[in-house]
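> Just dropping this structure here.
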Amino acid sequence: MLARLAAKRLLEIRQVFRQPTSQVTRSLSTALNYHLDSPDNKPDLPWEFSEANQSKVKEILSYYPSNYKQSAVIPLLDLAQQQNGGWLPVSAMNAVAKVIEVAPIRVYEVATFYSMFNRAKVGKYHLLVCGTTPCMIRGSRDIESALLDHLGVKRGEVTKDGLFSVGEMECMGCCVNAPMITVADYSNGSEGYTYNYFEDVTPEKVVEIVEKLRKGEKPPHGTQNPKRIKCGPEGGNKTLLGEPKPPQFRDLDAC
């Protein structure tokens, strides 16, 4: 009897591990974790840092010892992504590998590990919804649904006009202001690139933010709750209302 139960359980486990990862666990990235050649993303396509960004490359490398160039892989990938309109083709990764003098696989490992690196095309305004527990409890799924429904896309897709795409990111570190989104603005490449947090958002507020971006406006980032100042409570402080008392010390002369 026990042997039959064990065999049945083993079969169930094997069936689970045969499924694609996306069916087993919630994916933390909207892209594949491997590369597929396409007409606009293959190793033999030329890619180089622009003349304007060459000086930025030198500046980034200057922060590290010459024998530790590989430490610059993340900021260089970020710069390449900004230049390329928000995504990293494999030829851009190869260019970074050449700059820091490592095998390309070392750069691929970093680019596929961090979900902030996009290996497929995104919109000029890439909207990322925080999906971690505090934001989820505060309604991040409703925020994401509002964005997807308003834009008429699925997660990871780009709107027909090329302006917007929506993805998910894990904890953005502003849990006290949940729920929140971030907007990566690639509309001007690496010149004028911004990455801003919009906190205390509602489904209506994120739609309003999208429409302001569509008009070329720059909506104010930070908390979207007018009753809050940064991460303070609504209506102002509830504690620490006066000057704090000084620390108490013993009279050492009395010892």
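Each position is counted from 1, following the chain as shown.
Placement of Cβ uses the backbone N, Cα and C atoms for every residue, glycine included.
As listed in Swiss-Prot for this protein:
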- C130, C135, C171, C175: [2Fe-2S] cluster binding site (BINDING)
- 214-255: region 'Disordered' (REGION)
- 1-35: transit peptide (TRANSIT)
> Given a Cβ distance threshold of under 8 angstroms, which distant residues of the chain, six or more beyond its ends, lie next to the region 'Disordered' (214-255)?
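Distal contacts: 163-164, 174, 176-177, 183, 196-202, 205, 208.
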> Rank the binding-site residues C130, C171, C175 by the number of other Cβ atoms within 10 Å of each Cβ, and give the residue at the low end.
C171
> For the recorded [2Fe-2S] cluster site, enumerate neighbouring residues of the same chain (Cβ within 8 Å of the Cβ centroid of C130, C135, C171, C175, site residues themselves excluded), in sequence order.
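The answer, listed by sequence position, is G131, T132, T133, P134, M136, S140, E170, M172, G173, C174, A178, P179, M180.
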> Name, in the order they occur in the sequence, the residues of the same chain whose CB lies under 8 A from the CB of C135 ([2Fe-2S] cluster binding site) and which sit 6 or more residues away.
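For C135 ([2Fe-2S] cluster binding site), the qualifying residues are V129, M172, C175, A178, P179, M180.
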> What counts of helix, strand and coil residues does DSSP assign across the region 'Disordered' (214-255)?
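Helix/strand/coil tally for the region 'Disordered' (214-255): 4 helix, 2 strand, 36 coil.
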> Which secondary structure state does DSSP assign to C130 ([2Fe-2S] cluster binding site), in the simple three-class scheme?
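For C130 ([2Fe-2S] cluster binding site) - judged by DSSP and reduced to three states - the answer is strand.
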